[in-house]
Amino acid sequence: MCGILAVFGCTENSQAKRSRIIELSRRLRHRGPDWSGLHCHGDCYLAHQRLAIVDPTSGDQPLYNEDKTVIVTVNGEIYNHKQLREKLKSHQFRTGSDCEVIAHLYEEYGENFVDMLDGMFSFVLLDTRDKSFIAARDAIGITPLYIGWGLDGSVWFASEMKALSDDCERFMSFLPGHIYSSKQGGLKRWYNPPWYLENVPSTSYDPILLRKAFEKAVTKRLMTDVPFGVLLSGGLDSSLVASVASRHMAESEAACQWGSQLHTFCIGLKGSPDLKAAREVADYLGTRHHEFHFTVQEGIDALEEVIYHIETYDVTTVRASTPMFLMSRKIKSLGVKMVLSGEGSDEIFGGYLYFHKAPNKEEFHQETCQKIKALHLYDCLRANKSTSAWGVEARVPFLDKEFINIAMSIDPEWKLVRPDLGRIEKWILRNAFDDEQNPYLPKHILYRQKEQFSDGVGYSWIDGLKDHANKQVTDAMLMHASFIYPENTPVTKEAYYYRAIFEKFFPKNAARSTVPGGPSVACSTAKAVEWDASWSKHLDPSGRAALGVHAAAYEEEVDVKNANLINGSPQKLEVFVDKATTVV
């Protein structure tokens, strides 16, 4: 991952503005510690902080076309850049960077080229011939991007909110799958797949097609000139990524430089479910496995730094980001700069445990569509910013455009949880890799129950966070929360605690509006909470809140409802205890 910052239409003195842009760009240096670049053209500035993954020696940014009339600053990876270069043989390339194709594609096709890109990316491009500019973000929002507006009429773009929040009067998260054109003056969606309209598909399930599509998604992400590995929690998704990557390592270009043994990484509290499962998968696959431990106190001590980097106060994101943040620091210390990770599978296949209660295939499918559309606010944000905080890039094969199109075209009847047919959550994915002749994974790992990352690292992690928040936030503070935080009002002490930290770093209204809100159980949308009447009493993003589904679900001990009324709004206080500390 890299850090990009671009500003257009500044009225301030040019030297003073240049110094300010350099200062703000440094706020993104954690994302790209390998090199800094800046291009100025009149009142236009394009800055870049580089994390060198492909062509480390000559791929510094910003990048240019032949005569330097087109300048582009990019964060991300273009996996099909070699194929695109074949279409651009009349163009002269300056570097071996995968991102340089963007400048030449613009020359060749104008603004209508973004859909040709296969990868994860956010970029800003300036055409000096008419001082027009465009900005675009990848289909799902794997890479972060923000857009802002200054009082002087300037337009800003940045990889993280912290680089523009002080200088913009208004800013927002740049929508995934969209392009901004200065000529058009607004955002337009370039990504228009069939599933986006949420119409229920009817294609029959083909396990071999699904398997091949995922293997292709993984292998194309082995494109790297630096050491890499796989984040392995021992759950289904990360284990499949590791299994496929391990199978194809020997034939990859990366193996020529770094060897054919895959490195895998896992973090957890000592004795956690993930550590045990990950170690077993690593032994089965023969990877070079690295196991990291953290304590609840170490996680709590890192919370302020985590929230500063991930730029959200969403409870489940903070819970899961903290161990990922700590693990990324350890990974970087080993000299690794890129990792593959398993985000996106649960959204595509309905893997969260609350999907057990989906009333029909229509609502199941609509929920998966909504979850994919919101990934940029949750798991994509977490995976990217938690790792980028330490200069590590996370790639997510499940969010490959082609793979999503195939998986989302399957009749959702096949995705429904059907105990009567022996189908648990994500059965169609598990079944696709259930190869008796050449097994990808041990059976009990292939059919292991879903664990959310914040649960799998150790159940006492979430319990420890709640205990800590209860000591920091008084009953009176929570009772008056709707006055202090009228927008997205926190309803638990844990949520209040995270919100207070966030507001310290990002006090503007525009900042708090970038974070989603609403009721949720086990990471559901607000709509899906209606699937089970009991869930409204247990609004917690942990998978253990899926009562009657998770093998280590919360057990209700006290439920004091309507304890206080503020402005006619009920304030709920809920206490839960664990039934178990391990998956049974």
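The count begins at 1 with the first shown residue.
Keep in mind that glycine also has a Cβ here, set from the backbone N, Cα and C atoms.
The active site, for GATase activity annotation in TrEMBL covers Cys2. Sequence-distant neighbours of Cys2 (active site, for GATase activity) (same chain, 6+ residues apart, CB-CB distance under 8 A): Arg31, Gly32, His48, Gln49, Arg50, Leu51, Gln61, Val74, Asn75, Gly76, Ser159.
Under a cutoff of 8 A between CB atoms, and with a sequence separation of 6+ in the same chain, the neighbours of Asp98 (L-glutamine binding site) are Val54, Asp55, Glu77, Ile78, Tyr79, His81, Gly119, Met223. Annotation comment: TrEMBL describes Asp98 as L-glutamine binding site.
Taken from TrEMBL, the feature ATP binding site applies to Leu231, Ile267, Ser341, Gly342. Ile267 (ATP binding site): 28 other CB atoms within 10 A of its CB, across all protein chains.
Per TrEMBL, the feature domain 'Glutamine amidotransferase type-2' maps to 2-185.
Sequence-distant neighbours of Glu343 (site 'Important for beta-aspartyl-AMP intermediate formation') (same chain, 6+ residues apart, CB-CB distance under 8 A): Asp237, Leu375, Asp379, Cys380, Arg382, Ala383, Ala394, Val396, Phe398, Leu399. Annotation comment: TrEMBL describes Glu343 as site 'Important for beta-aspartyl-AMP intermediate formation'.
Within its own chain, Leu231 (ATP binding site) has Ser238, Thr264, Phe265, Cys266, Met324, Met327, Val339, Leu340, Ser341, Gly342, Ala394 as residues 6 or more apart in sequence whose C-beta sits under 8 angstroms from its own. The full span of the recorded ATP binding residues, Leu231, Ile267, Ser341, Gly342, taken as their largest Cα to Cα distance, is 15 Å.
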